[in-house]
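Structure first, commentary second.
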Amino acid sequence: IVFRAAQKRSDIEIVAINDLLDADYMAYMLKYDSTHGRFDGTVEVKDGHLIVNGKKIRVTAERDPANLKWDEVGVDVVAEATGIFLTDETARKHITAGAKKVVLTGPSKDNTPMFVKGANFDKYAGQDIVSNASCTTNCLAPLAKVINDNFGIIEGLMTTVHATTATQKTVDGPSHKDWRGGRGASQNIIPSSTGAAKAVGKVLPELNGKLTGMAFRVPTPNVSVVDLTVRLEKPATYEQIKAAVKAAAEGEMKGVLGYTEDDVVSTDFNGEVCTSVFDAKAGIALNDNFVKLV
């Protein structure tokens, strides 16, 4: 997904990929995607390297990031997407190998600073290793910021109805740490834990301790939804809330936070470029201080 997104940007060039898969299989996985469709471009393998749209991409299969010699291909930023090197100490091996910056594509396992577009990018101070948090946090944080900035959040609960992930089982199987997580993904709605709501408190300190949440894993291949239920400090009608979110989506958060009043369903957001889209028709208000936002 990172690779496909980068192909649409003129200011990003992929120069190297490190994976334990061989280059032929990597080319196959890039060409064909059951969820996002076929790759719109040319993909071939030559002398162990990927050639994508005529551009050569170095392919390596190193287990230790320190051996990657990123400086040989002029790497500026490494997207650390293995899910393994999620601390400053382990991710710093990429810096040792010659990279200038490292972005962890999930939450870190230590105090590596976390940045979410639309929430706290203005706090970035040049750190060489950062976390981009989770997909759920990227969905929740921009909306939570708009609501808190305009109306104040006293407290809130979040539920994410989350699409199936690769760690789940196709049929029931052993899962010693998470018994429910071991049940068949295509057969069940599976309650699960998530740290996404609490992580919002790291990127928006003013909300620290005010939000928590949980997840339901559901049998859909892509697109998840966040249900945010909050108590407001400043009373507001649902129409006022919609207006505030729409203004942000068309203003300072354009391209990050979207807004729709259409009768949409999850597949309508397959390939959506905004990290969060407010579904104006799906939310409800019990009163002017207690609302559910989707």
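Each Cβ is built from the backbone N, Cα and C atoms, and glycine gets one as well.
Swiss-Prot annotates SER134, CYS135, THR136, THR194, GLY195, ARG217 as D-glyceraldehyde 3-phosphate-binding residues; of THR112, THR165, THR170, the candidate listed for that same site is THR165. Among the binding-site residues ASP19, ARG63, THR105, the residue whose Cα lies closest in space to that of THR194 (D-glyceraldehyde 3-phosphate binding site) is THR105. Each of the recorded positions ARG63, HIS162, ARG217 was scored by the number of other CB atoms within 10 Å of its CB, and the largest score is that of ARG217. Note on proximity: among ASP19, ARG63, THR105, HIS162, the recorded positions of the record, the Cα nearest SER134 (D-glyceraldehyde 3-phosphate binding site) is that of THR105. Residue annotation for D-glyceraldehyde 3-phosphate gives SER134, CYS135, THR136, THR165, THR194, GLY195, ARG217. The furthest Cα pair among them is separated by 16 Å.
ARG63 (NAD(+) binding site) carries neither a helix nor a strand DSSP state and counts as coil.
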